[in-house]
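J.: Sending over a structure as structure tokens; questions will come in a sec.
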């Protein structure tokens, strides 16, 4: 499996500068990562720097809490696409989910998908803040929307993706809904395990060390 192309090489630290983003982009070019994942403020810069490459630009909406007003999320998504984003990773409104206002969640996701058209939409459910039963319910809920992916985590909570998360999501998702594992993915073993459990995209800031490890592993044979 060529893991490089299914990695979203990620830099979402609030202290990231334009120079940090340029370094991220150069790494993505060097290691042939499928995408970079950055804050919306850097999308225009990335679009310029990634000209004439196949590397996709992923940005985050309603990040990292998910509690912004829906209209603000829609506008943020619309502007991100206008600036050159190829994919949107939005955070579900976790409070609304917790109080079982499921129609609110469905409407918000579908409104943002309508705003971005054919661009890819991933919905972050922040598994660290959900019980196993809630992860199952959230997966079914996202499956009922027009979202393209369900994503485990922002990377800003107390833990990221786990094996249990992936198993629950796989058991409860629709056939059309893809899985992005993110948060705390620091080594090749994690990535291989999550891939076996159904994840087809990975968000990590440790992409370079993971791929170097993969190369070293291949060279052992």
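Quick reminder: no glycine exception, Cβ is built from N, Cα and C everywhere.
Bear in mind that the values here come from a model prediction, so they are computed numbers and not experimental data.
Here's the feature list from Swiss-Prot:
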| type | residues | note |
| --- | --- | --- |
| ACT_SITE | 89 | active site, proton donor/acceptor |
| ACT_SITE | 151 | active site, schiff-base intermediate with acetaldehyde |
| ACT_SITE | 180 | active site, proton donor/acceptor |
J.: From the Cα of residue 151 (active site, schiff-base intermediate with acetaldehyde) across to the Cα of residue 180 (active site, proton donor/acceptor), what is the distance in angstrom?
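T.: Cα-Cα distance, residue 180 (active site, proton donor/acceptor) to residue 151 (active site, schiff-base intermediate with acetaldehyde): 5 Å.
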J.: List every residue in the same chain as residue 151 (active site, schiff-base intermediate with acetaldehyde), at least 6 positions away in sequence, whose Cβ is under 8 Å from its Cβ.
T.: 89, 122, 123, 124, 125, 179, 180, 181, 182, 203
J.: Give the number of CB atoms, excluding that of residue 180 (active site, proton donor/acceptor) itself, located within 10 Å of its CB.
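T.: By my count, 27.
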